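Okay, so here's the structure we're looking at.
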Amino acid sequence: VMDPVSQSAANKDAVGRAVLPSQDGLKQCLTEFKQQLPWVERLDVTSGQVMDPVSQSAANKDAVDPENDFQREMSFYRQAQAAVLEALPRLRKLQVPTRRPDDYFAEMAKSDQQMQKIRQKLKSKQEAMERSEKAKQLRAMRKYGKKVQTEILQRRQKEKKNMLNAVKKYQKGLSDKLDFLDEEQTSSQGHKKGGASQQIKKGPNAKRRYKNQKFGFGGKKKGSKWNTKESFNDVSSFRSKVAHNKGPGKAGRGGKKALNKRPGKRARQKMKSRGR
């Protein structure tokens, strides 16, 4: 009997192309290096395709599409699970331990420093995702605000255009109605009322209210010295002598200079020396 190498070298056609080796030679090689070891040394379990436990029908047993990744992986998973369920009783029968002891501590494949780096990287990725989500929300809010502002401007332009058209029609005599003025007044009053209600609802904050309660409200400060119609017409505090420089101690036109009643410096010194 020829070995597979010599047989494959001999199995060549006239052109020199190699021919596949025969099955007999392969089986002979398998019997030569095959070792008759016990099963506990080999731990090989051969199982066929396992049926899906959800669908027990035999028709779906061979319905695994090899192009479908999910079905293919699930078939591998069920086949491995069936092999484990078949091997465990045999290992227990041979008194081979299959569970890890409670006091067994295996060495980690990665060091603590490497795991810390991985944690930091995952944390940075999570923070980046949160920042991107916040940025998306802000962009959406800005876009919504711009949309609302654009709608308000368009509505105002439309109202203005309608009012101008009504004014032109009234000027040309095509219409004798002044309803657009009433609508404008009502809209302006509505805006004023809305602004006043917002101001009333807003009010001072809690800190300001506490200080007003503790120290009292000092009144209006800004614009307190401004003139009003009543203060302008009120002349009760007017003094002509003071206004025209004719008060006591002041010289008027053609009058004498007012006398200084205070003594001079030397006179005051003499008065001090006499008093001593």
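Cβ atoms here come from the backbone N, Cα and C positions, even for glycine.
Beyond the compositional bias 'Basic and acidic residues' (124-136), no same-chain residue lying 6 or more positions past its ends has a Cβ under 8 Å from any Cβ of the stretch. Under the heading compositional bias 'Basic and acidic residues', TrEMBL lists 124-136.
What TrEMBL lists as compositional bias 'Basic residues' is 137-146 (among others). Here the compositional bias 'Basic residues' (137-146) has, by DSSP, the following mix of helix, strand and coil residues: 10 helix, 0 strand, 0 coil.
Here TrEMBL flags 253-276 (among others) as compositional bias 'Basic residues'.
Residues or ranges marked as region 'Disordered' by TrEMBL: 124-147 (among others).
Under the heading region 'Disordered', TrEMBL lists 180-276 (among others).
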DSSP residue counts for the region 'Disordered' (124-147), split into helix, strand and coil: 24 helix, 0 strand, 0 coil
